[in-house]
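Student: Sharing a structure with you now.
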Amino acid sequence: MATSPAYLQTHLRDDIVILRAADDLRRGLPVVIATHDGPGGHSLMVLPAELADAWRLERLSMLGKPQVLISRERAAVLKIHHKGRDAVRLSCPKDSFGIRALADPTADLSAPMKGPFQVQEATTEQAALDEAALALLKIAHLLPAAVSVDLCADVPQDMARHHGLLLVSVPQIKAHIQAQTGGLMVVADAKLPMKGAPNSRIVAFRPESGGTEHFAILVGSPAPSDAVLVRLHSECFTGDALGSLKCDCGNQFTGALETIEQAGGGIVLYLAQEGRGIGLVAKLKAYALQDQGHDTVDANLRLGFAIDEREFGPAAAMLKALGFLRIRLLTNNPEKVAGLEREGIKVVERVEHRFPSNEHNAHYLATKRDKTGHFL
Ligand SMILES: Nc1nc2c(ncn2[C@@H]2O[C@H](COP(=O)(O)OP(=O)(O)OP(=O)(O)O)[C@@H](O)[C@H]2O)c(=O)[nH]1
Ligand SMILES: [Zn+2]
């Protein structure tokens, strides 16, 4: 039996369509963002600045005058004054090199940018679209900088359909961000004997949106009625898998398993929040900036991100699903305690989780102590 369009429509939930749009952006396909669902309103065609080559730029320019959008953090780094927006509109540089330089600071030393940068004041509707565009780029784990073109009010639906482009709305992007904290489904649950913690189990949680899974590792048989030891571990490919000495993640991961095993059981949550939530490639760009002398905090800001982009909703949702509402948290990060408490988990004790530094991570740890309030 043929599937009716109405059937498909009801299954194109907000959070799902947003991940499809994020995938398109990663492939260099523009996405149209509208102020609201349905006809009318304002809209914007958006392309990631880091993928704006001459060919794509030429095609985008056929639809209108392009502008560049950068985040408040990137604008501060570039010393651009504006009216306090989260997304700042600038006149578009003439070529794709200029656009990419605005987005990606890793080439700042070899190709210094030439100002002055011309700010374009956005209306309230335009500002909402601009902010949504940068939020969508972050969901795609791309740098939060875009080339965009304003579209006429009556154009977007037909244009998107005609060109095979995705049309999403500001409310859909907001709904997706909120949905990240809920709708986690258990999709696998198995025994996982590990070195130092042979009696362990792993539970995989997948967001209903189809986004990346988070994992709960239950060491021993922790009882929900006890305030058991819990470690929130944000994914770190370089530290966890490659044994990088630049951070303390590898030691913290194996150390947490040992401590929890010795305590008679508990939980390690392995969160898909690589690079404090900016994604692996952006973290590697942050490392390239650290090679140039910037610290871990400044590197995030130079790339246009917040210092920490992590959410605590998924961790709290997993703990609630497993029945652990009162915990003892292994961390040096006061924000993890506050974040979990905001999400309804009672942290009855913060348990220190420090390891000796080495010559490669001493500066990173000192920066966490001095700039982000870690107890180190
Ligand atoms: N953006 C960015 N992320 C980094 C850098 N170094 C490490 N990370 C990431 O930082 C996260 C560290 O996570 P955690 O160890 O769970 O968190 P924490 O804030 O250090 O807090 P505690 O270890 O609990 O005290 C991981 O996702 C790493 O990938 C860096 O220089 N830049
Ligand atoms: Zn790490």
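Note that Cβ sites are derived from N, Cα and C of the backbone, with glycine treated the same way.
Heads up, here are the entries from TrEMBL:
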{"type": "ACT_SITE", "residues": "ASP308", "note": "active site, proton acceptor"}
{"type": "ACT_SITE", "residues": "ARG310", "note": "active site, nucleophile"}
{"type": "BINDING", "residues": "ARG231, LEU232, HIS233, SER234, GLU235, GLN252, GLU274, GLY275, ARG276, THR296, THR331, LYS336", "note": "GTP binding site"}
{"type": "BINDING", "residues": "CYS236, CYS247, CYS249", "note": "Zn(2+) binding site"}
{"type": "DOMAIN", "residues": "188-351", "note": "domain 'GTP cyclohydrolase II'"}
Student: Please check the binding-site residues ARG231, CYS236, CYS247, CYS249, ARG276 against ligand 2 and give me the ones with CB under 6 A, sequence order.
Tutor: CYS236, CYS247, CYS249
Student: To what whole number does the mean pLDDT across the domain 'GTP cyclohydrolase II' (188-351) round?
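Tutor: Averaged over the domain 'GTP cyclohydrolase II' (188-351), per-residue pLDDT gives 97.
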Student: Any of the recorded positions CYS236, CYS249, ARG276, ARG310, THR331 with a C-beta atom under 6 A from ligand 1? Give them in order, or none.
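Tutor: Those recorded positions that pass the cut-off, since their Cβ is under 6 Å from ligand 1, are CYS236, CYS249, ARG276, THR331.
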Student: Please determine which of the recorded positions listed here (GLU235, GLU274, ASP308) has the lowest count of neighbouring CB atoms within 10 Å.
Tutor: ASP308
Student: Would you kindly give the Cα-Cα distance separating THR331 (GTP binding site) and CYS236 (Zn(2+) binding site), rounded to the nearest Å?
Tutor: 16
Student: Measuring CB to CB from ARG276 (GTP binding site), give everything in the same chain under 8 Å that is also at least six residues away in sequence.
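Tutor: When sequence neighbours closer than 6 are ignored, ARG276 (GTP binding site) has SER234, LYS283, ASN300, ILE307, ASP308, GLU309, ARG310 within Cβ distance under 8 Å.
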Student: For CYS247 (Zn(2+) binding site) and ARG231 (GTP binding site), what Cα-Cα distance in Å is obtained after rounding to a whole number?
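Tutor: Cα-Cα, rounded: 17 Å.
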